[in-house]
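This is the structure I have questions about; it appears just below.
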Amino acid sequence: MVDILFLHFFIGHILADYYLQTATMAKEKEKAFRYLLSHCLIYLLTMMLVILPLFNWQLLLWALFIGFVHFIIDACKVLISKRFEFNDLQNVLLYLIDQFVHILTILFVVTFILFVQVDISYFSFLDEVLNHFDFDVKEILSWIVMLLLILQPSSITIRKVLDHFDPKTSDEGITNAGALIGVFERLLILFMLYANQYAAIGFVLTAKSIARYNKIAEDPKFAEYYLLGTLLSSLLVIASFTIIF
């Protein structure tokens with residue numbers, strides 16, 4: 001059940017840090033304390049909600065601990081950002097380190113819970129339903145994590161990493177179409193990986209390239225930017241799938 005507890009906490013982290021944190025909140029929390037506090041309160045409430053099916057008072061205390069550590073980490077990041085000036089690469093590294101430390105916190109908590117042998121189980125009615133229908137809870141939660149990861153978190157990560165390389169051409173195409181294409185690309189790759197149809201992934205990437213062939217051929221900077229985006233998008237979904245499944 002420890003791995004299931006980790007998935008519950010991880011789902012809470014993804015929801016609170018990527019889906020429930022607005023763009024305004026993410027930007028303004030570095031300038032105004034109330035935005036940082038609002039985000040951390042939402043994070044704490046989300047962590048408490050995701051453990052409700054496993055609820056006991058000890059887990060609630062650990063959810064509070066994770067929320068408090070999240071506040072400390074984000075506050076330190078804000079202070080560091082104000083104290084020092086970072087270039088694009090350093091900002092990306094700061095973002096990745098921030099996420100790594102958040103995940104490490106959850107891993108530490110779950111590992112400690114394992115050692116102190118906290119009782120982890122679904123409440124009786126839910127447990128009976130899951131057993132009656134023979135649901136594989138771990139696989140269901142793993143799919144939820146994967147689907148959440150390849151949508152908003154992947155899009156935000158790709159945008160942060162590639163922003164420095166964006167050629168900023170005048171022909172931008174349909175607004176947000178590139179991000180949506182990337183989402184569908186990652187979804188297709190995910191389903192191909194799950195079905196063990198690895199060769200079909202090449203067809204997905206080829207079909208995507210055909211749509212931009214003229215621009216790739218005529219604009220070397222765009223071609224490099226496009227290739228970086230495609231490779232990073234593919235890497236994120238393949239790495240996530242390998243780790244989670």
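For all residues, glycine too, the Cβ spot is worked out from N, Cα and C.
Source: prediction; values computed, not measured.
So TrEMBL says this about it:
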TRANSMEM  6-23  transmembrane segment
TRANSMEM  35-55  transmembrane segment
TRANSMEM  61-80  transmembrane segment
TRANSMEM  92-120  transmembrane segment
TRANSMEM  140-162  transmembrane segment
TRANSMEM  183-205  transmembrane segment
TRANSMEM  225-244  transmembrane segment
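Tell me about the setting of these features in this model.
With a threshold of 8 Å between CB atoms, the same-chain residues lying at least 6 positions outside the transmembrane segment (6-23) that come near it are 39, 42-43, 46-47, 49-51, 53-54, 63, 66, 99, 102-103, 106-107, 109-110, 138, 141-142, 144-145, 148-149, 152-153, 156.
Same-chain residues lying 6+ beyond the ends of the transmembrane segment (35-55) with a Cβ under 8 Å from its Cβ atoms: 1, 4-5, 8-9, 11-13, 15-17, 20-21, 24-26, 28-29, 63-64, 66-68, 70-71, 74-75, 78, 120-123, 126.
Cβ atoms under 8 Å from those of the transmembrane segment (61-80) belong to residues 9, 12, 29-30, 36-37, 39-40, 43-44, 47-48, 51, 94, 98, 101-102, 105-106, 109, 113, 118 of the same chain, restricted to positions at least 6 beyond its ends.
Remote same-chain partners of the transmembrane segment (140-162), defined as residues 6 or more beyond its termini with a Cβ less than 8 Å from a stretch Cβ, comprise 4, 7-8, 10-11, 14-15, 17-19, 91-92, 95, 179, 182-183, 186-187, 190, 225, 228-229, 232-233, 236-237, 240-241, 244-245.
Tertiary proximity for the transmembrane segment (183-205) is limited to same-chain residues at least six positions away from its ends with a CB under 8 Å from its CB atoms, namely 146-147, 150-151, 154-155, 230, 233-234, 236-238, 241, 245.
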Looking only at residues six or more beyond either end of the transmembrane segment (92-120), which have a C-beta under 8 A from one in the stretch?
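Beyond its ends, the transmembrane segment (92-120) has Cβ neighbours at 1-2, 4-6, 9-10, 13, 17, 54, 56, 58-59, 62, 65-66, 69-70, 73-74, 77, 80-81, 86, 157, 160-161, 164.
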Other than its close neighbours in sequence, what residues sit by the transmembrane segment (225-244), given a CB gap under 8 Å and a spacing of at least six beyond its ends?
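Sequence-distant neighbours of the transmembrane segment (225-244): 142, 145-146, 149-150, 154, 157-158, 161-162, 165-167, 178, 182, 185-186, 189-190, 193-194, 201, 205, 208-209, 212, 215-216.
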